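Under the heading compositional bias 'Basic and acidic residues', TrEMBL lists 280-294. The region 'Disordered' annotation in TrEMBL covers 261-294. What TrEMBL records for 21-43, 49-69, 90-114, 160-181, 193-215 is transmembrane segment.
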């Protein structure tokens, strides 16, 4: 199986020439959810339900876009709405994942995080297997991630480290603001020079804090497409392993689970659900190929 560095390298190569659509999809989805939340958010209960109905299929469509990019397929903006064509399955999958994760989080925070990784492949599975139900896709994701949640956590961690940069800038800015404020607050009869220096320090600290927000935004536009594409590559690597379709370049390594996240499978017969796999009666929703004859 691929190492974390190989997964990231494959994702980076897949994104070459597709960064525009990858970033554009992310920004458009954020705008839709933000504007939609602003429009219906003031409506009690109904607004929350409307956002839930919108978020599930849209989130699924975005995941499908990055899966297509990871496979170097040609995609357009319209493909991010393909989750609405499978509204019943995509919405139900999103709803069930939210419910299951919430219930596990009631025990402790850590089980909720672990379950997030367990369910992480659900939307990719829905795309490749249009004949299975939402619950079957979640179950298949659990089976697929059994023993691999630690690897995916390690992959995610390499991207989260990017955010240490704006965090450090924000901390420095906050310290400068606090020191400038304390200088004038706890000094008896401060001179004009001291007051000016304190004001300058406070202003400089605020500039650093604002800069940390801008740095976070810039990093996110790079990290999020890269991360989701890497997870898509991770999924294809797991799928190839589970289906026995290793390529000559695949390196088989001993499975390591440093975080002890392997679950006891409650199903003695660990078989795929009916309708799983390429031999299905219904074709997956794929991006339109402009060169394909009509």
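Cβ coordinates come from backbone N, Cα and C, glycine included.
The stretch in closest packing with the transmembrane segment (90-114), judged by the count of Cβ pairs under 8 Å and taken from 49-69, 160-181, 193-215, is 49-69.
Remote same-chain residues near the transmembrane segment (160-181) are listed as 197-202, 204-209, 211-213, 215-216, 219, 222-223 (criterion: CB distance under 8 Å, separation of at least six residues from the stretch ends).
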